[in-house]
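Participant: Can you read through this structure? Questions will come right after.
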Amino acid sequence: MADKLIIFDTTLRDGEQSPGASMTKEEKIRIAKQLERMKVDVIEAGFAASSNGDFDAIHTIAGMIKDSTICSLARANDKDIQRAADALKPADHFRIHTFIATSPLHMEKKLRMSPEQVLEQAKLAVRFARKFTNDVEFSPEDGSRSDMDFLCRVLEAVIAEGATTINIADTVGYGVPELYGNLVKTLRERIPNSDKAVFSVHCHNDLGMAVANSLAGVKIGGARQVECTINGLGERAGNTSLEEIVMAVRTRKDYFGLDLGIDTTQIVPASKLVSQITGFVVQPNKAVVGANAFAHASGIHQDGVLKARDTYEIMRAEDVGWTANKIVLGKLSGRNAFKQRLQELGISLDSESELNLAFQRFKELADRKAEIFDEDIIAIVTEESAEAQEKEHYKFVSLSQHSETGERPHARIVFSVEGKEVVGEANGNGPVDATLNAIETEVGSGSELLLYSVNAITTGTQAQGEVTVRLSKAGRIVNGVGTDPDIVAASAKAYISALNRLYAGADKLNPQRADI
């Protein structure tokens, strides 16, 4: 029987560290439920000591998720570890993931600790974590740039203290496949008690090699856990992509010889959910989940695929969750048909009132758009959830615009502030600029617009536009997403969504970063 590769997803922790990717508690819960449906082995739900918001999200997820192990990150100190244990209490089974830097650069410049102090701190941290659970993971931060002899000493010591998973972190994406794979291999060979722990890999994509390095850690090094995120989400250039790891190991089982517990048909739904919640659009040529991943433009390729799919396709689109039947509903579709499609898409709404509200939005969209696609339905539910969690301090009501060739466009927008309607009017260099200016005449947020992007959710001129707006204020960066067949209205909704996140803090109260 083949060994099993453990999939450890850190979308909710490391992925969320992408600038603008902060998620509300409700959004984290929706992603956690989707990860559970995908049968992810371990879900790192956050960093409990970083903020009250993260603690609350972890605590709630720990009580809801039953089929995946829930994990919280903690620095190598008693306060962080106690906070993680408290957040994880509702879980049937949980993991504490503690870490400390081990590279000379980090020990000297960041920690200002000697190697012996770091060694002792690592031992104490694992010993304390074992008081709460027998599932303890230890990561040597910046492990790929650490001294080999010292790294071996630290890892041997923490395994002796009870660490059951050892995670070799390529924190800055410095590794290359052969060297990183051999690093993991050497550690497993040199550490006398290495057989007492599962070795794990955690790679960043700064040089574009996160997936390659992770696979080398598995094949060459013998690692049996990969830490990854949906869509490769993460700060800087991102993290190891879950979908690429899973499909590489599944498609090339002849080479890797490993089993997986993942339901791969849930990969694309997870990708779309994370993209629409965070506003980080998946590039069309992204492996596995990109819109063009299974598209064939070459006539020779098309002819081959029509004759036999395996001539040019090494995996089937339906195996990762792409559906051939795109048009699902129209304005004559009833509530039961809508509810059934939600279930087929793996979308779970918590109450009848939420279902009724989503169905109302669906009917409103169907009156304006003849064909409703899966992506439209996901967008409806995602936007509904975001508005509910944002408490709608600001709420879009209506928009009118006037534009003639040679004249500056004028916009008039009606929106509510804590339930009281206000009207903003302004001119701009285009209809979108005029609309956002009109909002600011009443809000005066003082924020800076860092990003404005438009993406068509589906195909055709009737497609809904999905607009992502990224705002910065006082060091905080937030994303807002809005959808509407009218691009200008979608822009207004996205801007208001971002303002709500700035106002609410997006569940982040004095957050602290954690780099592994």
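Note that the numbers count up from 1, one per residue, in the order the chain is shown.
Glycine residues also receive a Cβ, built from the backbone N, Cα and C atoms like all the rest.
Pasting the relevant annotations from Swiss-Prot:
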DOMAIN    5-268  domain 'Pyruvate carboxyltransferase'
BINDING   Asp14, His202, His204, Asn239  Mn(2+) binding site
REGION    395-516  region 'Regulatory domain'
Participant: Specify the secondary structure state of Asp14 (Mn(2+) binding site) as given by DSSP, simplified to three classes.
Facilitator: coil
Participant: Identify all same-chain residues not among Asp14, His202, His204, Asn239 whose C-beta atom falls within 8 angstroms of the centroid of the Mn(2+) site's C-beta atoms; report them in sequence order.
Facilitator: Thr10, Ala169, Thr171, Cys203, Asn205, Ala210, Glu227, Cys228, Thr229, Gly234, Gly238, Thr240, Ile516
Participant: Per-residue pLDDT averaged over the domain 'Pyruvate carboxyltransferase' (5-268) comes to what?
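Facilitator: Averaging the confidence scores along the domain 'Pyruvate carboxyltransferase' (5-268) gives 96.
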Participant: Who sits close to Asp14 (Mn(2+) binding site): which same-chain residues at least 6 apart have their Cβ under 8 Å from its Cβ?
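Facilitator: Sequence-distant Cβ neighbours: Glu44, Glu227, Thr229, Gly234, Glu235, Asn239, Ile516.
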Participant: Measure from the Cβ of His204 (Mn(2+) binding site) and count the other Cβ atoms within 10 Å, all protein chains considered.
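Facilitator: Step by step: centre on the Cβ of His204 (Mn(2+) binding site), count other Cβ atoms within 10 Å, giving 27.
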Participant: Could you put numbers on the helix, strand and coil content of the region 'Regulatory domain' (395-516), residue by residue per DSSP?
Facilitator: 34 helix, 51 strand, 37 coil
Participant: Within 10 Å of the Cβ of His202 (Mn(2+) binding site), how many other Cβ atoms are there?
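Facilitator: Counting Cβ neighbours of His202 (Mn(2+) binding site) within 10 Å gives 29.
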